[in-house]
Amino acid sequence: MQDDLLMDKSKTQPQPQQQQRQQQQPQPESSVSEAPSTPLSSETPKPEENSAVPALSPAAAPPAPNGPDKMQMESPLLPGLSFHQPPQQPPPPQEPAAPGASLSPSFGSTWSTGTTNAVEDSFFQGITPVNGTMLFQNFPHHVNPVFGGTFSPQIGLAQTQHHQQPPPPAPAPQPAQPAQPPQAQPPQQRRSPASPSQAPYAQRSAAAAYGHQPIMTSKPSSSSAVAAAAAAAAASSASSSWNTHQSVNAAWSAPSNPWGGLQAGRDPRRAVGVGVGVGVGVPSPLNPISPLKKPFSSNVIAPPKFPRAAPLTSKSWMEDNAFRTDNGNNLLPFQDRSRPYDTFNLHSLENSLMDMIRTDHEPLKGKHYPPSGPPMSFADIMWRNHFAGRMGINFHHPGTDNIMALNNAFLDDSHGDQALSSGLSSPTRCQNGERVERYSRKVFVGGLPPDIDEDEITASFRRFGPLVVDWPHKAESKSYFPPKGYAFLLFQEESSVQALIDACLEEDGKLYLCVSSPTIKDKPVQIRPWNLSDSDFVMDGSQPLDPRKTIFVGGVPRPLRAVELAMIMDRLYGGVCYAGIDTDPELKYPKGAGRVAFSNQQSYIAAISARFVQLQHNDIDKRVEVKPYVLDDQMCDECQGTRCGGKFAPFFCANVTCLQYYCEYCWASIHSRAGREFHKPLVKEGGDRPRHVPFRWS
């Protein structure tokens, strides 16, 4: 078949006679099988230029003819390794190739010399195409499948045009025109068996973009039969070639194909071919003209996207618990937990906030309250409205913090894990333009030099803001020196405490600052601020808080936090659902007492029966007193106010046989019985009377 093309170059035969002659001519089986995989160039290079082709692509090289003119052939697997003659050499005269001889460029149009130059020269803006082709902005130019197209627009494009064009008369012999090499006609393409139908605009866009004139035949049905036979014979050859894609892994990263081996382990959806010579079979979700438009679908089964040198590992690149749907994490909102995580897909802020609010309002187990207070449920709000003020528990937070968890989740560094973090490096939060206090304005300073006085202490800390130095029994002692080497700094502004914390050095979870005295220079002293978030801790938020199951713990060391008190009591008696540290309503510093609420009566009775508890935690080891917490606004449990005129009951019997509030009349009546005459009533003393702190809802 190739000898006929070369020996009949001087004389032109009619097109129908060429097709009839090709159908009658017997072809060896090897020639037919090599036909689809050996596309012919539209130009005939010189003999010395074709010498490198068999060495680099031996599988695609046909038997070399004996004539001086040889047809250039390229490998179907490596479109990037196309060997075409330099553009400076004038090509010899061409003739229209027969449909049986002009084979399809298979997966890309870069196999022909003219089309390859069009890709290389016209893909980048500002460079004039060498071959005279022109790119239209309004038509997608599917030059190579990696630039946004699929295989269907290229395979069988010319053959589709043959069926739509009426058969013209036999072409007359035309003289060769060596002066017009840019108008070289590409080889005729034949339809791929894998793509029986073509997109309606594929041929229009390709023809308009490149201005190539299809090679028309007088017998399209005959050419279709030849094309179908050749394509069917090439099925086994093409499939065997793609099955050996692992062996040509190095060829994808050849100099003519610098982008082929890039990101082999990534998601093929992210692989966007941006370089010339990218390997065939790498799809791209972006259109070269309009990146927002995805390419049209195709029936072609693409070859493997990227050859991998090693098998993929089964472990995901994200943690498995990131996609849980039990609301146990805040990484992805509920709407996005069913699909893989995509860093380029920014979900809406509204969904994120609603998801965090829903997660924060779920029952808290072993979590701290944020510094402005816990995210309150409806039952929690009801309990605090009725009992929190009577119990003297100070909640230093506006109510809006409980409704919107934005500040708590984004600005609170220790939210959700405050039991393990000190929260000393957290900045002061702001809400609605108003600063929200995070620390008490009263700061403990320990390890002072023995010869330092009040004025020297004030001078050492005045740079952080206005303050007053105080220590226990200062007014009675009339001394200018702290008696036990420690003092309290009372700052006027909470921001001064934050500045002091920022200036300290942290070691083993403790803060230190160097202070000088007349005899000691730069002595490290311990700075111990009180974080307001350490005042309350919820062990089990699913249980209601019952003030009649709450105990009072006296003599609590001031460094002890609510979480530590809850852990100690839960370890001893179990059933702890809440623990709180009593703080001063003005300075919000611990007063040395705490309260623990239990979820069951057994734990409550066990705690009050012990009377004393040994608190041990880190450096703390102290024996404290435990007794029932007495409320002063309870009605008599015996008469319900009928005998006392509706007054509150002043007495509470802490004996396990009673555990009730009594008015004076009922107390005398009940405890006059045998076995109860030794019960002692508990009375709310004036000094221990709780203060009613109204909620700050705004």
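Glycine is treated like the rest: Cβ placed from N, Cα and C.
Taken verbatim from Swiss-Prot:
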type	residues	note
COMPBIAS	1-11	compositional bias 'Basic and acidic residues'
COMPBIAS	13-28	compositional bias 'Low complexity'
COMPBIAS	87-96	compositional bias 'Pro residues'
COMPBIAS	165-185	compositional bias 'Pro residues'
COMPBIAS	186-208	compositional bias 'Low complexity'
MOD_RES	Ser192	phosphoserine
MOD_RES	Ser195	phosphoserine
MOD_RES	Ser290	phosphoserine
MOD_RES	Arg308	asymmetric dimethylarginine
DOMAIN	441-532	domain 'RRM 1'
DOMAIN	549-631	domain 'RRM 2'
Taken over the domain 'RRM 2' (549-631), the model's mean pLDDT
92
Helix, strand, coil: count each for the residues of the domain 'RRM 1' (441-532), based on DSSP.
26 helix, 31 strand, 35 coil
In the domain 'RRM 2' (549-631), how many residues does DSSP assign to helix, to strand and to coil?
22 helix, 37 strand, 24 coil
